[in-house]
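What follows is a set of notes on a single structure, which appears directly below.
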Amino acid sequence: LSRRAEPGQGWGCGPRVTPAAPADAPKVPDSRGDSDGPRRGSLCERHCAAINNVQGDLGELGCHLHRPRVPPATSTPSCCQQHSEEVCESCVVKTTLTAENAVEANKLSNNYKFGFKKWKSHVTARPWEDRSEIVKELYSDLNIVRGSGGSMLTCGNVLYLLLFGWWLSLLYVLVAAVMFITVMGAPYGELCWDLARYFLWPFGKVIQKVEVPKSHQACEAGVGESSALLGGPSPLRWRPRCWLGTGYWHHASTAVWLCLGYPVLALAHGLVCVTAWLLIVLIPVAKLSARATSRVLLLPPERVLVRHLRMTEVPLEGEVILCCYRAANPYYYKYAVDGINVFAVNLLPLVLVTLVLGYVDSPNHLTSSAVKFTLALLSIMPLSYYIGMAIASISAQSNFAVGAVVNATFGSITELTFYITALIKGSREGNRCYAEVVKSALTGTLVGCVLFVPGLCMVIGGIRHQEQRFNSRSAGISSALLFLSVGGVFAPTLFSKVYGKLVCGECHNVTQNPLGHYLCHNCHFDLMDNNGTLYYSHVQPLVYTVSILLPAAYLIGLFFTLKTHTHIYDIHISDCHMPGHHHSAVVHWSRWRALVILLLSTLCMSACADLATEHISPILTNSTISQYFIGVTVLAMVPELPEIVNGIQFALQNNLSLSIEIGNCIAVQVCMLQIPILVLFTIFYPTNFTLVFSDLHVYASMFSVVLMNYIFMDGKCDYFQGTVLVMVYFILLAVYFFAPSPSGC
């Protein structure tokens, strides 16, 4: 049912809307006599009432229009008075975003801009009070005593006992024996004995720092104070300084402990901390070990109290140092250090190991080429994450022009670094196989980002949401650019097949008749016939022309979506913040810090790409797998893993538009930026790279783009359509797996 406009208000989308009317409901005549014209205001209101529930950091697709804050007498006309009905219908796809601060709002807005990197993680620190209880528990210290911890017999706790508890407890017993033998270290020996029982099963126990009793009180009763929380008397500590000199005994005991006991236990706890941190789900164990090393083991033994907890008791008077209930938490995949995801933090040492092994062990005495190639390829993943984080941070804290330049310059640096180093190595060795591998990687990136990335996001997002919708108009722009780019990239290939001369390496007559059928092998179209007249006079000028037109079309697409037709995306940052949100931004990385990390990551990326191309030759020559398959899978998709993770996270939040745009954006950049840059590079540094692809690459790419456009026509999808895309992708991978290696490899 539509709402009659108030005087001076007009028919517009207001903050107060009425329930959505059926599509076939009769239209109420306009109070101004415009009974035959379309009801623009009621159309907007029906859509606003249907989809006006925007929540979360990224918001949902909806119409959340806010009335301008002007006096009622001078109220400005609404969107439906100023524009036609077609423009008002674009209000339906208005995306409202709710952000904590201006920097985060810029990052969210950049996610919807064509040509900008889509980034899910926050670039600013989120307010603590706005986080969920699950996330708060991840960042909390292990010093909180809860009323009820539940059952302590869990799989994670048993895993701790099997991996760390038994040998850590045994080590404490051995150290306690050494301390008792020294006599002067006996107080620390008693402490180690208590900690041996604690670290065998620390769950449901507490370590507290208590006040040091006066010397005469400590020597009188010999029994500590009791507690309602910890039940029973405190453990009796042998305090020999009652009968020896206080200062001498204390300093001698501490010296013995720091020389014989603490280093061994600190080393053991360090090993436990590193191992548990790398396992991620056992990060509570890493916190436990780190806190024990830095706090518990450095306290005087008479100030450390180890007790059992009871569910119905109140805490002791004193500082709680350690109180752990669970050794494992599956939600630690969300954990971040200074805005960096824990997976990227754990993979950073891998980069250092790769660089050291690659450049120090050049003769392969320690590891083989296959191991070095694998390490170099895995090192690209965290570096891609750091590059993406740096680009998102710089763009969010800068104006539009700086953000566009940074995204255009460093958006494809990961792939281009590997491609250029591979082409340089192939040119130096005179091996055409490297150029074919680069073409396979380009095709694999295109096919993977068109089929696998959106398909996987649809499947995973469809598990939580029965049907997902996305902005079909923005997806249509990317699809049109994909059609244009694929046609331009493969135009020289089609031209060479029409006018080239088919040359075969070996032919056999399968019949006895000389005019019968021949079976030929290693056939290809020769472009160098007659001293290369066809290639240099026709194909090469066409390649250069295409390499100029494709970036020009990319710039036109940027101008179209970001300047003249911004209403297609129509991003609105809501000015109503959730309770507890702060408007001041505390960024994880400042612009200068992000720039330094971006440059260092790019430098390390170049080194890892150089190592990967240096040690890929034995794999290409000795492997029984087709070089096509290696290029379209490993070399193409491993650098895109951070983008795939971002797409999955967006899909789980029912924001499939960004999941689709991630794949489309990468595919468009491959055709319109990366390939022209490689062609430009071959002008200044001659290589074996020519923009002539095999038939398999052409058919796979064109079929993928056509299928993707067919799936995305109606602006909605489910997990079945995603399954279709993923299955087609795996079918193409099977084709590449069984395909013979390209000529020259």
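Using the three backbone atoms N, Cα and C, a Cβ is placed for every residue, glycine included.
What TrEMBL lists as region 'Disordered' is 1-39.
Residues annotated as compositional bias 'Basic and acidic residues' in TrEMBL: 27-39.
According to TrEMBL, the feature domain 'Inner membrane component' maps to 155-205.
Here the transmembrane segment (158-181) has long-range neighbours at 188-190, 192-193, 195-197, 199-202, 256-257, 260-261, 264-265, 268-269, 272, 275-276, 282, 285, 327-328, meaning same-chain residues at least 6 beyond its ends whose C-beta is under 8 angstroms from one of its own. The transmembrane segment annotation in TrEMBL covers 158-181 (among others).
Under the heading transmembrane segment, TrEMBL lists 255-285 (among others).
What TrEMBL lists as transmembrane segment is 340-360 (among others).
If you look up TrEMBL, you'll see 366-388 (among others) marked as transmembrane segment.
Residues annotated as domain 'Sodium/calcium exchanger membrane region' in TrEMBL: 370-490 (among others).
If you look at the transmembrane segment (400-421), the same-chain residues 6 or more away from its ends with a CB under 8 A from one of its CBs are 110, 115-117, 380, 383-384, 387, 390-391, 394, 438, 441-442, 445, 558, 562, 598, 602, 605-606, 609-610, 612-613, 635, 639, 669-670, 673-674, 677-678, 681. Annotation source TrEMBL lists transmembrane segment at 400-421 (among others).
Look at TrEMBL and you will find 441-463 (among others) tagged as transmembrane segment.
Residues or ranges marked as transmembrane segment by TrEMBL: 542-562 (among others).
The annotation transmembrane segment is assigned in TrEMBL to 594-613 (among others). Distant neighbours of the transmembrane segment (594-613): 351, 354-355, 358-359, 372-373, 375-377, 379-380, 383-384, 386-387, 389-391, 393-394, 397, 410, 413-414, 417-418, 421-422, 425, 434; these residues of the same chain sit at least 6 beyond its ends, with a Cβ under 8 Å from one of its Cβ atoms.
The domain 'Sodium/calcium exchanger membrane region' annotation in TrEMBL covers 594-736 (among others).
Sequence annotations record features per position, and here TrEMBL assigns transmembrane segment to 625-645 (among others).
According to TrEMBL, the feature transmembrane segment maps to 666-685 (among others).
The transmembrane segment annotation in TrEMBL covers 691-712 (among others).
Here the transmembrane segment (625-645) touches the transmembrane segment (441-463). Their Cβ atoms form 3 or more pairs under 8 Å, with each pair 6 or more residues apart. Counting residues 6+ beyond its ends, the transmembrane segment (666-685) has Cβ neighbours under 8 Å at 408, 411-412, 415-416, 419-420, 423-424, 427, 438, 442, 445-446, 449-450, 453, 478, 481-482, 485-486, 488-489, 543-544, 546-548, 550-551, 553-554, 557, 640, 643, 691 in the same chain. Within the chain, the transmembrane segment (691-712) has long-range Cβ neighbours (under 8 A, six or more residues past its boundaries) at 439-440, 443, 446-447, 450-451, 454, 470, 472, 475-476, 479, 482-483, 486, 489-490, 492-494, 496-497, 525, 527, 539, 543, 546-547, 628, 660, 675, 679, 721, 724-725, 728-729, 732, 735-736, 739, 742. Long-range contacts of the transmembrane segment (719-739) within the same chain: residues 440, 447-448, 451-452, 454-459, 461-463, 625-626, 628-629, 632-633, 696, 700, 704, 707-708, 711, each at least 6 residues beyond the stretch ends and with a Cβ under 8 Å from a Cβ of the stretch. Helix first, then strand, then coil: DSSP counts for the domain 'Sodium/calcium exchanger membrane region' (370-490) stand at 105 helix, 2 strand, 14 coil.
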